[in-house]
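J.: Starting off with a structure, shown below.
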Amino acid sequence: MRNQPPIVLVDLDNATADFTGHLNAGLARLYPDIAPHDGKQFAIWGDDADRNAAIRDVVTEADFFATMPVYGGARDALIAMLRAGIDVQICTSPMTSNVLSASAKIAWVRRFLGRRFVERTTITARKELVVGNLLVDDRVYPAFVREPLWQQVYFTQPYNANVPGPHFDRWEDWEGIIVPLLEGASDA
């Protein structure tokens with residue numbers, strides 16, 4: 001990738017958009033007796049069938065993914081990366097229990113990030129196959145079938161706070177983490 005801008009892949013759910021907060025708002029609206037997801041683990045599903053059914057009802061609403069709140073500073077950070085010459089690409093996974101999740105995520109990107117980011121969006125369950133230098137994501141990946149070309153940067157959540165590797169907690173802090181990692185990669 002010589003003479004090409006570095007590629008930073010950016011996840012949506014719980015990295016750019018507040019999935020957990022949106023899930024909890026939906027639970028409070030539809031099922032006020034169901035406790036909110038505490039966010040201490042990545043998985044939203046558990047052993048309680050009634051709770052799982054309530055969660056499924058919320059996350060399968062047609063506009064669930066399209067209406068997730070954007071994290072403060074995320075849009076400005078992604079635009080600043082583009083202006084700094086970084087090729088920013090959205091890289092998100094579909095939720096198989098919501099058949100509309102892919103189109104709703106595209107609608108989210110259009111609404112919060114603008115049309116230019118729609119063309120920069122990849123929706124895949126196999127992020128390790130997407131080419132990039134860095135992936136900003138909250139998810140802790142246990143193993144991949146194929147080793148990814150990118151290095152993961154964790155958008156800090158309670159379930160990944162103790163995982164080794166670079167982290168940032170707020171989008172306003174992106175430059176202090178992303179730029180040195182990209183500079184280190186270009187020196188290699």
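Using N, Cα and C of the backbone, Cβ positions are placed for all residues, glycine too.
Caution: TrEMBL annotation is automatic and unverified by curators.
Grabbed the feature section from TrEMBL, which reads as follows:
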| type | residues | note |
| --- | --- | --- |
| ACT_SITE | Asp11 | active site, nucleophile |
| ACT_SITE | Asp13 | active site, proton donor |
J.: Specify the count of other C-beta atoms within 10 Å of the C-beta of Asp11 (active site, nucleophile).
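T.: If we count other Cβ atoms within 10 Å of Asp11 (active site, nucleophile), we arrive at 21.
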J.: Can you count the other CB atoms that lie within 10 A of the CB of Asp13 (active site, proton donor)?
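T.: Its Cβ has 23 other Cβ atoms within 10 Å.
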J.: On the three-state reduction of DSSP, what should I expect for Asp13 (active site, proton donor)?
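T.: Assignment for Asp13 (active site, proton donor) reads strand.
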